[in-house]
Every structure is written in C-alpha cells, then in structure tokens.
Amino acid sequence: MNPYVLTVLLSSLGLGTTLTFASSHWVLAWMGLEVNTLAILPLMAQHHHPRAVEATTKYFLTQATAAAMILFASTTNAWLIGEWDINNLSHPLATTMAIAALALKIGLAPVHFWLPEVLQGLDLLTGLILSTWQKLAPFALIVQLAPAIDPVLLTTLGLASALVGGWGGLNQTQLRKILAYSSIAHMGWMVIVLQYAPQLTLLALGTYIFMTSAAFLTLKLSSATKISTLTMAWSKSPVMVTTTALVLLSLGGLPPLTGFMPKWLILQELAKQGLPLTATIMALAALLSLYFYLRLCYAMTLTMYPNTVNSIAPWRARSTQLALPLALTTTIALGLLPLTPGILLMVS
C-alpha cells in the first residue's frame, strides 16, 4: 500500500477514536465511530483476496448496523427525554438499544458471530488493529453508559462472552480464530466488573491490548496462521517460541504473569460485591480458555512436524519486522504482576 495512503488511513483511525473519546454529544460520538470504521476498511481489503473482501463486507455490514442502532437509540432518548448528552441517556429503551449496539461493535456474546469470521479473513497486522485499537472507542462509550445500564444485562453479557469465548476456541485449528475467541472471552471479563469497578475494566483492557499485541506480532514474525505451522517454529527460533508460550499462558491468566493480575482483581471484586456464584462461573470459563492456550503451547514446544525431509533448517527470508514493538509488548505481557500495588494506585 502507498505510504501516503497508509498514513492518511492510520491518522483517520486515530482521529475517529479521539473524536469519540472527546465527545459529550451522541452525534459526535457516532461520527467518530464512523470515521474509525471507514478508515480500517481499505486496510482490510488491501490484499484483494476473496477472503479479505468477504471479511471487509461482513465487517462493514455489522458496523453499519451497530452505528444505525446507536443513532436510533440516541434519537429515541432525545425524543423521550430531550437530551443528546452521552451521560444523560436515561430511558431504559434507549440504554438497552445503545448497549446492544456497542456490544455488536466490540463482539460481545451473543452478538459475536461476525468476529471470528472477519478476523480469519485478514492479515495479522490488520487483525491486530481490529482486536486492539478498534475496541477503544466503543469501550469509552460503554464505560460512560455503565451507570445507566441494568446490572443484570451487563452480568449476562459478561458471563455469556466468557463462556462462548472459552467454548468456541476449543475446536479451532486457525490461530486467528483462536485469538478472536480469546478476544470475546476477555471482553466478557471487562464488561462483568464494569458496574462495580470501572478502573479494573480499564486495567483489564490495557493488559489485554499488550498481551494480544505481543501474540499477533510474534505470529507475524513467524508467519504462522495455523497450529500445524507452529510445530515447526521451535527449530527456527527457540527463544521466540519460549516467550510466545509464556505470552499465551499470560493471556490464559496464569501466575506469575501479567494476565493473572486483572483476572485476580476482578474475581476479588466480584467476591466483595457478594457474587460468589458469578465469580466461580467466570473462573471456570477461564479454565476453558486456558485449555486452548495450553494446546498451542503443547504444539509449539512438545511436538515435531511430521515430515520426512532430513534438512537441518528450512531456508527463509530475513524478516523486515521491527523487533522493538514485539520486545516491548512481550516484556509488558510477562512482567507486570509484581507491580500490581503501584498499578492499582495509578488507576484508582
């Protein structure tokens, strides 16, 4: 892609997100979301592959539907209450429609079906943008709406997403689909604690972005899109495979890695709020997700690809990918747990 065009598109992505962050009026927030959607579409379709075009079309239709629902919800609220302000969305009908639209935007269960299919059709770097940056603007609106939303609805969305994200990834062989279901499960963890401790939601979102970035950048470096490709990675780069396995376990929430921190704090908060059953279901759902991360680790570190070629190592071109972003995100994805008290002081 032409570097000038790429610069314009990435700048538009930043502009759309900033517009939504800065807005207090529903129409301005909607405009930010639309700029965001329109900026990523050319990035998704840049390879002109049928799968990429199909993924772009699916993404456009779902995001356009969600944007129309947001506009309809805000108009309904203005009609009934007389307010366009985001913080004054108080009518139950309008708030329910708005949270349903925003859930569709970020891929929360039960409106998650587009996400694995879309992510599967994209290249890894565009998939990274879709899994991280594109979640920020809708999440900013969800955080602002949280006080007005029915707590039962938020809890249901969170539990459904954690369970669907766990169950859906069990049978997958495509890495992008596994990361899509991982995204759905993490979104569930963020939404379930939103009404009790919004700062924990933002903490979980931050750690999720760093861990997912590390996972996508590693897969890009090794050009892996299927589990079977991962089985050949250890012979090429043992150090990278070691860090990748640790990043995946961090995504699964194992101590002493960064991913354990948000899950631990969220379970603690749910227990404090007198919701032990909800906390137990979330912990069991985390075990489902952990299984498919362990499956990836097993494929990478303990299996050999079944080939009969006696060559020492296959020839490959030198990667042009920058090492610094991968090193930075991997370090953050692995080593933040000891800093938990300091991070809690910063976010609270």
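Yeah, the Cβs are placed from backbone N, Cα and C, and that goes for glycine too.
Checking TrEMBL for transmembrane segment across the ranges 7-25, 178-196 points to 178-196. Between the transmembrane segment (233-254) and the transmembrane segment (136-166) there are fewer than 3 Cβ pairs closer than 8 Å, counting only pairs 6 or more residues apart in sequence, which means the two stretches are not in contact. A contact between the transmembrane segment (202-221) and the transmembrane segment (178-196) is present, since 3 or more of their C-beta pairs, 6 or more residues apart, lie under 8 Å. The average pLDDT computed for the domain 'NADH dehydrogenase subunit 2 C-terminal' (290-343) is 78. Outside the transmembrane segment (322-347) by six or more residues, the chain places 199-200, 202-203, 207, 210-211, 213-214, 217-218, 221, 243, 246-247, 250-251, 255-261, 265 with a CB less than 8 A from a CB of the stretch.
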